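Below, the features straight out of TrEMBL:
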COMPBIAS  17-34  compositional bias 'Low complexity'
COMPBIAS  376-385  compositional bias 'Polar residues'
DOMAIN    286-360  domain 'U-box'
REGION    1-38  region 'Disordered'
REGION    356-385  region 'Disordered'
REPEAT    427-469  repeat 'ARM'
REPEAT    468-510  repeat 'ARM'
Amino acid sequence: MSSTAEEDAMSSPLLGTSATSSPPPDTSATSSPPRVSVPDATSIYASVADEAARVVSEISGLPESRGPLRRLCGDLIRRVRLLSPLLDEIRDGAGDGFPDLVACLDSVHDALVCARDVLRSVSDGSKIHQAYRREAILSEFTRVNDQMEKVLSAFPYNELPMSEEVREQVELVHLQFRRAIGKIDSPDILLIHDLAVVWAQNDKQTDPTILKRISEKLQLKSLDDMKKESVALHELVISSGGDPDDRLEEMSSLLRKLKDFVVTENPVAEASTTSKSGSVKHRSPVIPDEFRCPISLELMQDPVIVSTGQTYERSCIQKWLDAGHKTCPKTQQNLTHTALTPNFILKSLISQWCESNGIEPPKPKPPSRDKKPGKHTSSSDCDWTGINSIMTRLENGTQEEQRSAAGELRLLAKRNANNRVCIAEAGAIPLLVKLLSSPDLRTQEHTVTALLNLSIYENNKAIIVESGAIPKIVQVLKTGSMEARENAAATLFSLSVVDQNKVAIGEAGAIPPLIDLLCQGSPRGKKDAATAIFNLCIFQGNKIRAVKAGIVTHLMGFLGDPTGGMIDEALAILAILASNQDGKISVSQAEPVPYLVEVMKIGSPRNKENAAAILWSVCAGDMGLAQAMKEMGATEVLKELAENGSDRAKRKAGSLLELIQQLDVQIGEDEGSIVT
């Protein structure tokens with residue numbers, strides 16, 4: 001096989017994911033459950049409709065939107081609610097006899113999920129950020145409206161046996177989405193002007209009338225609103241790795257001025273004491289409730305956020321946790337983890353309040369550490385006290401404490417890039433690698449997932465491999481729980497981004513258990529395994545290992561099962577295997593031509609491209625397969641692909657057409673010889 005063919009195979013990323021990109025952080029705790037196909041068509045319709053209805057219910061249950069985008073959110077929620085009767089009709093059997101309905105429902109479900117995610121981000125997000133970045137957020141609503149309009153255009157609701165009332169309602173919703181695409185929401189010129197004035201007067205006192213207008217339009221009218229806004233802006237900062245926006249300084253300035261305005265408009269009561277003579281009054285400012293720790297009721301010095309979203313003084317909540325409590329003191333909800341996140345913005349607000357009231361800002365003692373953060377991070381951005389506490393339990397705790405500690409590191413590493421640096425600098429990776437051999441399956445799950453999340457930071461990949469993780473991850477892949485196996489596969493993919501690791505992972509025996517997961521795993525597990533196998537097979541030696549392990553038979557099985565959802569992955573892997581001589585022989589022997597020609601006729605553009613690449617690899621040296629391809633009607637579809645396909649698809653289709661022409665010439669010469 002030529003080097004060009006090898007490069008072509010390598011340029012076909014699996015599901016659009018570059019072979020050099022790292023996987024996303026672990027999302028197993030929040031992602032929707034995988035769908036499981038069942039033979040009965042009615043059950044499939046009902047199952048997919050149930051999932052779509054569940055998303056509609058989630059959207060309907062969102063709190064009433066506040067802030068500058070509340071009208072857009074309200075319109076979208078209202079339209080989505082109107083789709084409930086349609087889904088109810090399908091669950092009651094209206095979809096019987098419509099084989100394409102499952103794909104349509106899948107598209108509706110995906111569009112609803114996008115709508116839900118946009119609405120959630122607006123509901124939970126910073127109102128100040130939404131005011132400054134209105135155009136960017138409006139484009140998200142336009143994208144959702146466009147996606148909903150397209151899926152409804154493709155949905156056969158006019159053909160389904162349903163009540164006329166429901167059909168008319170769906171038509172109305174469809175029309176509303178179509179109108180929403182072209183409708184341009186006029187910007188609030190006065191709000192834009194007011195924001196510009198506030199920033200222009202950054203170091204000066206701003207007209208209270210302007211601040212009042214902004215406060216009302218952003219729905220930031222009380223100290224409670226300001227506290228929620230400060231947390232939302234803080235979350236924006238940490239979720240973006242500390243650099244969320246080039247206008248962060250403007251947003252912080254506006255937050256400070258609005259806070260001062262709200263305090264002025266809603267002055268706190270003053271406590272006064274009178275001397276026995278009654279001649280002198282001593283006044284002192286009353287600490288706002290938002291600045292008091294719910295446990296000690298004292299002004300917070302080092303506020304931190306627990307998993308329920310409540311804020312406490314660090315020393316107080318740490319004592320609560322050290323006493324063995326597993327609940328939030330204020331809400332009594334169970335804590336999903338015990339990691340403590342610094343609330344930097346609330347701490348800044350407390351300092352500003354202290355300064356404006358002539359009180360010395362509280363100064364908590366910095367945590368003592370044996371190991372200082374390195375040059376890539378700042379100690380002020382890391383919860384070193386929390387990480388040190390986790391490290392102690394990880395190294396010397398009981399099995400239950402180690403399980404809990406691994407789970408907390410898993411969540412911390414998922415949260416942001418800075419945590420991944422800090423956790424590695426604290427020396428956690430070798431301890432986590434050691435825990436991969438734990439007999440406790442839940443500990444294994446937390447540990448391998450923590451390593452997956454840590455591996456997203458490039459420098460951590462080398463530390464993980466040097467700590468001897470690869471053989472142990474492969475062992476988890478063989479014997480762990482399904483979740484642990486899935487995340488072990490994803491971790492191997494992440495590590496295999498480094499070329500030398502591809503060799504080490506293959507030599508450690510990862511290919512056979514990855515193939516087992518590919519065949520026997522959950523839908524998500526199959527995807528994880530396929531992604532890892534694809535990336536590993538960029539290395540020639542791993543192609544041979546995969547072929548010897550019998551992967552081609554399983555991949556051909558996926559091609560023959562259009563309901564299995566693995567055709568994309570199977571074609572991508574076959575394309576890269578066929579660039580190797582052993583792989584080419586194995587694929588040729590599996591009689592792939594009928595499947596590949598069918599894919600070129602009805603498949604997606606990417607799948608057509610991969611099918612053409614595989615056909616070229618196997619037919620170039622086998623005129624019998626080329627003849628079979630021609631007899632199955634490949635010529636016309638190849639011509640269409642040569643005109644309208646991707647660059648790679650055009651090259652492969654052109655080469656295959658030339659092969660068919662050579663075949664025709666050869667047949668003509670043979671027939672001439674016979675006549676002569």
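Counting starts with 1 at the first residue shown.
Using the three backbone atoms N, Cα and C, a Cβ is placed for every residue, glycine included.
Give me the lay of the land around each of these features.
For the repeat 'ARM' (427-469), the list of distant contacts is 22-26, 28, 371, 376, 387, 390-391, 394-395, 399, 402-403, 406-407, 409-410, 413-414, 417, 420-421, 475-476, 480-481, 483-484, 487-488, 490-491, 494-495, 497-498, 501, 504: same-chain residues at least six beyond its ends, Cβ to Cβ under 8 Å.
Per-residue confidence over the repeat 'ARM' (468-510) averages out at a pLDDT of 93.
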Can you tell me how the residues of the repeat 'ARM' (427-469) break down into helix, strand and coil by DSSP?
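Going through the repeat 'ARM' (427-469) residue by residue, I get 32 helix, 0 strand, 11 coil.
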Under DSSP, the domain 'U-box' (286-360) has how many residues in helix, strand and coil?
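For that range the per-state counts are 25 helix, 12 strand, 38 coil.
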